[in-house]
Each structure stands twice: as C-alpha cells, then as structure tokens.
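J.: Before I ask anything, here is the structure I am working with.
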Amino acid sequence: MSIYDDIFKQFPMIDEWSDSDEKILVEPYTYLGINTAKELPSMVTKAFNHWYQVPQPALDIILQIIGPIHAASLLLDDIQDDSDLRGGNPVAHKVYGVAQTINTATYVCFDAYHKVSQLTPFLKSPETTDLWSIINDEIAALHRGQGIELYWRDSLMCPTEEEYLRMIHNKTGAIFRLPIKLLQALSSVDSPPDCFPLLNIVGILFQIQNDISSLSPDFTKDKGFCEDFSEGKFSFPIIHSVKADSSNSLLMDILRLRPKDEATKRKALRFMKDQTKSLDHTFHVLCKLKKTAQEELEKLGGNSELSSILERIQVSPTPEIEDR
C-alpha cells in the first residue's frame, strides 16, 4: 500500500520533528563550539545585572537568548568576510557549506526569539512592556551596522572615524544593548541607574580592541595573519592610516588587492606603524576611552565584575606589534 493511498494519515508524521533532525539542523552552530557563558556579551550581561538585580531564572533565559544570536552573527560574519579560520579551526561554512550555515544561523535566531515569551511571567507590567520590540530594534541595528560596513568594503569607500564609531554603535553595540535592555525591562529595582552611556563605551572599546588585536601575531592562530587586509575591511587603525596620509595610496591599493600573502600584508602593517603611526593612535584612543569608561563606572558606584572585564582592554602596544 502506498503512503499516498491515504495521504491524510501522513500529516501527523510529517509534522514530527525528532532530536536527530534537530542535531543535523544545528550542526554548524554546534561546530562553532562557543561556550556562551564565557563569551563577552554574556559576561557583560551578568556584570550589568549588578544594577538591575534580575532574578537568576530570568537572567538565565536572557543569556539563552543572547548566546545564540551572538553565535549566529559570528556564523554570518565569517561568510560575509570570506574568513578561513575562527578560533584556529576552519570556519563553519568551509565545513558545512554556505547554504546550510546561513540556514542554521537564521534558525538559531528564531529559536532564541521564541524564548522571549518565557520572560513574560517576570514582568511587573506585561501589558505595557514589549520585549519583542527590544529584540527587533537591536537585531535591526545589528544588520544596519553590518550592512554599512559591507558597503564600505565592497565600494572601497573609507569612512571617517566618526562614521566608523556610528557603525560600531549599531553593529557591535546591539549585541551588548539587547540583553541589557531586557535586564532593564525585568529589573527588580524601582529606579535603576542609567547604564547605557557606559555600555555604549564598552561596545566601542571592545570593537577597537578587536581591530588592533587582529593586527597582532598572537591573533594569527585564531583568524590568520592580518586578515583585515585580505578581507578589504576598514577597521579603526586602517581608517586612521588612510585618512592620515591621503596623498599616499599604498594602503588603499593593498586593500583593493585583498592580499593573501604575508609579505604584502607586512608591508601594509609597517606603513601603518611607521608612516602614519596608526597603531599608536589606536592605543591612544583605547586609553582615553578606557579612562572614560572607568570614570563612568565610578559615577555608578563601582562594579568589581565589570572592572575586571575592562581590565582586559590593552591600552599599550605589545612587543610583538612593536617588532613589526
């Protein structure tokens, strides 16, 4: 007897979704191997809860929301940047293919989105608090920032530092703001302090720190040597270098080539270090922003957990970068 002889009996079977199906679907996400508890957005979220005092069960749900969204953004970033390595391993789309990795990234985002309803019982005023708008607004901001950055890269248009900071505020800032806005909505404190000026600085700090770290040999084993040159990406130090000596087209010419060889990338790095002093400028900016963040933290009464996170920001050149 064919299954088509009584097709209506097949519908319950068709609707079934097994654990083995789920495992297959999320394999690129699982392969990424992220311990979300140790990822920066989760660590910052837990530190900021010092001011919001959200109960642990609700905090756990928030972490279950931001973890997959952050991971999905990394999966998509690697595709859009045509990266080869992450954490020293081949990127997910080189193993599972672009199509499956995109599908997985989209799926885990929707899966995280479904968890938002689990936060409703913790709301003081569920009828006036729209948690879904928080998620939608920040995911939209993330895509806006990413889209502008891709536009700069693909059109070989170097932004100003101010434009770059606005892009970071959207792309990187959204990953930090999303969980903190959820904390704010669920806060057990009647009048929590305004932590968002500090939070926005933290997002900028860690993005610029990542930009300068990507030029360090220590980063090679994780992502490859100076991959921003290979990707044609306008990172913070690269932007400064292009703008600092507009009469010299060396760096723009190298970015146009998107070189894979180390010799060309070392030449670009040497130009940035010696000619335009862009590494020194970047560390100077990091030092100034870190000081501003620490001052803002003091105004909020201090937070030992967040202070420890800020100490991870390196504000002076490493010997390895200096040797370059």
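Heads up, the Cβ atoms here are built off N, Cα and C, so glycines get one too.
These came from Swiss-Prot, pasted as-is:
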| type | residues | note |
| --- | --- | --- |
| BINDING | Asp77, Asp81 | Mg(2+) 2 binding site |
| BINDING | Asp77, Asp81 | Mg(2+) 1 binding site |
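Thinking about packing and proximity, how do these listed features fit into the structure?
T.: For Asp77 (Mg(2+) 2 binding site), the same-chain residues lying six or more positions away in sequence with a CB closer than 8 A to its CB are Ser83, Gln146.
Mapped onto three states, the DSSP output places Asp81 (Mg(2+) 2 binding site) in coil. Sequence-distant neighbours of Asp81 (Mg(2+) 2 binding site): residues of the same chain at least 6 apart with a C-beta under 8 Å from its C-beta are Glu227, Glu231, Lys233.
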